[in-house]
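K.L.:
The domain 'Acyltransferase 3' annotation in TrEMBL covers 82-365. For 47-64, 85-101, 107-125, 146-166, 178-196, 208-226, 262-281, 287-307, 328-344, 350-374, the entry in TrEMBL reads transmembrane segment.
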Amino acid sequence: MRILRSWSAKWAIVLRSDCLRESPDSLNGISRTKIRSNKNINKMTDYLLTALIPMALFFVVLYGSKEAENQNGFMSREYTTIMKAVCCIIVILVHIPAAYTNRLQDAMGSFAYVCVTLFFLMSAYGMSLSKERRRNYMQHFWRNRLAALLIPQLLINICSTIWVYINTQKEYASLFHINNYVVVLLGYCFWFWLVYQGRRWYGHRIANTLLVGGVIISSLGSYFFMEKDANYWCYERWGLVWGVLLYLFLPEIKKRVCPSKNRILLFGVLSLVLGVAYLYFKTVFFWGEYLLKVVLGVVLITLLFILSSKRTLGNRVADYLGDISYEVYLSHGFVMGVIEWFHPELSSGVFILSTVIITICFSAAVHTVGKVLVKWCRA
C-alpha cells in the first residue's frame, strides 16, 4: 500500500506539471473560441436589430391594406404618401457610416437609388397634376415651391449650425447648405416654370417634350461632365422623366400595371436578371454603369406598381410617416453625426435602429414647426 501511494503521488505530480505546461495554449484556445462565439452572437444581434426595421415598416405600411376592386387609388395622394413612407426609411440605410454597416443593412440600402427615383417621380407627377387641377398654380408657383422646399432645409440647417458651433468650431457655413436633392428639385422647378411660360407659342405637346428632354440632357450631362464621386443624382433624376410620362399616359399605364400572375412573374424574373447583370457590368462605362442601372430602376418601379396598384393602402401611422418623409431625408445625416459623436462605441444594429428612431422623432419636430411656417408663407 505504501508503494502504491508513492506511485500515485509521483504520477499526480507528473500530470499536474503537464497540465501547467499545456495550460497557456489551452487557455488561448478557449479564449479564441469565446471571442469567435461572442463575435457571432454580436453579429446575429446586429442582424436581428436591423431586421426589426423592415419588419416594422412592412407592418406599418400593410396594416389595414386590402385588395381593391379597381385602380382608382393608384397614384392618389394616399398612395404616394405611403410610397414616400417606405422610401424615406430605406434611404436612411444606404448612408450608414462604414464603421456601423452590416450585410443586411447594405442589402436593403442597395434599393435606395430606386427610392430616390420614386421621390423624383412623385414630385414631377404632382407638379404636372397640380398645374392641371389648380387654376392659379403657376401664378403662385415660386412662392409655394420655395416655401415647401427651403423652410424644412433651413430649420435643419439651424439645428446643425448650433450643434457645430457648440461642439467643434464657431462657423456658420452649414446654415446656408442646400442638399443636392433639393438643388435638383429646384432646378427642375425652374425648368418646369420656364417651359410652361412659353407653351402658348409652341403648345402642350412641345412643352412636354422639352420638359422630358431637358431632364434627360441634364442627367447625361451630370454623368459625363461632373465628378464621379459627387452626388448629382444623374441616375435618380430619371424619376422626373417617369413622373411626367406617368402623368401624360396614366390611363394606358394603369392597364399595363394591372396586377396579374404573368406580369408579376415576368417583371420579377426581369428584375432578377437585370440585377445580376448589373452586379457584373456596373463598372462598364455608360452601358453598365449608367444605362443598365436606369433600366433596372424603372423595371423595379414597374414591378412595385404591379404589386400595389390595385390595393387600398393607408393608416394614420403610415400617412404621418409619409408626411414627414421630406424632413427624414434631409435630417438623417445630421442625426447620424450626433449619435456617432455621443456614442461611437455602439454596435452596428444599435446604431442603425437608433438612427431610424431618433431621425423620425427629430423629423416630426421639424415638420411640426415647419408646417406652420410653410402655411404662413404660401399663397
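Keep in mind that glycine also has a Cβ here, set from the backbone N, Cα and C atoms.
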K.L.:
Where else in the chain does the transmembrane segment (85-101) make close Cβ contacts, counting only residues six or more beyond its ends and a cut-off under 8 Å?
P.N.:
53, 57, 60-61, 108-113, 115-116, 118-119, 318-319, 321-322, 324-326, 328-329, 332-333, 336, 340, 346-348, 351-352, 355-356, 359
K.L.:
In the same chain, which residue numbers or ranges, 6 or more beyond the ends of the transmembrane segment (107-125), come under 8 angstroms Cβ to Cβ?
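P.N.:
Sequence-remote neighbours of the transmembrane segment (107-125) are 50, 53-54, 75, 80, 83-84, 86-88, 90-91, 93-96, 181, 184-185, 188, 233, 235-244, 246-247, 293, 297-298, 300-301, 329.
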K.L.:
Under a Cβ pair cut-off of under 8 Å, which of the recorded stretches 47-64, 146-166, 178-196, 208-226, 262-281 contacts the transmembrane segment (350-374) most often?
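P.N.:
By Cβ pairs under 8 Å, 146-166 leads among 47-64, 146-166, 178-196, 208-226, 262-281.
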